[in-house]
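Record features, source TrEMBL:
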- B:12-32: transmembrane segment (TRANSMEM)
- B:63-251: domain 'ABC transmembrane type-1' (DOMAIN)
- B:67-89: transmembrane segment (TRANSMEM)
- B:101-125: transmembrane segment (TRANSMEM)
- B:131-155: transmembrane segment (TRANSMEM)
- B:176-200: transmembrane segment (TRANSMEM)
- B:233-255: transmembrane segment (TRANSMEM)
Amino acid sequence: MSVEAREARQPWILLSPALTALVLLLFVPLLFIVVYSFWLRSAAGADQAGFYLDNWREALGDAFYRDILLGTLRIAAITTLVCALMGYPAAYFIARSKGNKVLLLLLLMLPFWISYIIRTMSWINILGTSGALNSVLLSLGIVSEPLRMLYNETTVILGLVHFLLPFMVLNVYVSLDGIDTNLEDAANSLGATRWQAFTQVTLPLSLPGLAAGGLLCFVLGAGTYITPLVLGGPRDAMFANLVYEAIITQLNWPLGSALSLMLLAVLGVLVAIYNRYLGMAQLAKGLG
Amino acid sequence: MRGWGWHAITLWTLLVYGFMFLPVGVVVLLSFNASQFGSFPMTGLSGRWFVELWNNDAIMRAFRTSLILGLLTAVISTTLGVLASLALVRYRVPGRNLISTLLIAPILVPEVVLAVALLLFLNFLGLPKSFPLLLAGHVIFTLPFVVLVVQARLVSIKRDVEEAALSLGASPVQTFFEVTLPLMMPAVAAGALFAFTISFDDITGTLFWKPGGVETVPTQIFSMLRNSISPEINALGTVMIVFTVGLPLLGAAVARRLAQRGGG
């Protein structure tokens, strides 16, 4: 074999274990649940293979599923917006601070490393009837009865924001850090106010990072079922909770497949739009 | 000079830091509460919940499971990820962008969907919920993070050093083990640490894949939450915080030392 042919083969040898794992454990299984979603659930024994539209009729036709899907998208959108409003100024501060940027960033990323379930549950310690906030309010005499603040949509969003904010800050920071500060100074010296320089120079240049952070927050937020289980009430189920119910509780795997694919399709459209306009490189930058 | 706008941003940032750290601080504080309820008021400082934790068989079992799962995930995922990253950074691969996108695809697919697909497919192949299924799942969703982290670090290693070794008569295998691998160690360590931490922390996929009776630390905490927050959970939370924060910091320190030794 010639040297060139060997050179050309080598990367594929290196790539083959990872690509094989991805094909066998991700892509084939995804195709498989497409097939499975057309099978028929049988109460006793194995599900019946075939081409039945029953699951899709239920998943797409039932107003119950549609309402929860819309509710999930709304929660994810609010979460993303709050993350952007909280995260952008913080990322801007870190990127423009004269102190130790790496340390500041590392500090903000610390909670990111802390267990998701612990961080989610910790809000019960703060907002619960015998939590920190109620203790303070009671001891100050502001309220006479503990307030019931937990287990509603707001606490679900709060938990999600706490979970996802580091993703937003990191992506915006990467973007802001790459902008030459001379551009802002140039705008200033040409007569722009600070605010004008920011809105007309810095903000537009940082939009790719904001979009990458936004995409991550939205997709991760819309796919969660643990946060609503821990911090939500009985009526705050999100779409992934329906998937969990169908697969784990009801063992209705064909319906669970159809619901999973619905979620994948909705979020996949967003990822595709993002990829079309900004490409995956920006996302990789923020994560790497 | 920076005006009031900057002060407003500074204040806002402080509030954001407070928001991120407040819940964590409360968990740590409550884990030392002497009260038998895992909530306020604080009735005194005590380390008894850590002792109880140590004596709780279910939790210690979950801890061992998480540890083994995390280590195996880190080894496999890092091996796959490092090889793939080498191919992407070191060679001109046709369809590079497509391959990169494929490699980070598990991040873009919602974890619930990934969990359902893997569970149903492997069950169809005759592999029901089991430890191997759990491991396979963890490898797949940690792989993209390893690839991204390792790739970012690999780019900075210059090829000249390898070429020098080769031109001085070292064989390609010798060059890899004596030059490339030592230079790559910080990247490999960072990748492995990432994989371990993500695996150790996962609950979304784990709840789908774990066989009955097997619990990891997060699923154990989750099942204990169903009743109410016991002080033990806060103590476990503190241990987890020390573990998940301490490990990356330790890893960063080790990586820096390795890098220094490699450089000097």
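The backbone N, Cα and C atoms fix where each Cβ goes, and this holds for glycine too.
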Problem - Selection from B:12-32, B:131-155, B:176-200, the stretch that has most Cβ pairs under 8 A to the transmembrane segment (B:67-89) - result: B:131-155
Fill in the blank from the handout: When counting C-beta pairs under 8 angstroms to the transmembrane segment (B:131-155), the leading stretch of B:12-32, B:176-200, B:233-255 is B:176-200
Problem - For the transmembrane segment (B:12-32), distant same-chain residues with Cβ under 8 A (at least six beyond the ends) - result: 38-40, 42, 45-47, 49-50, 231, 234-235, 237-238, 241
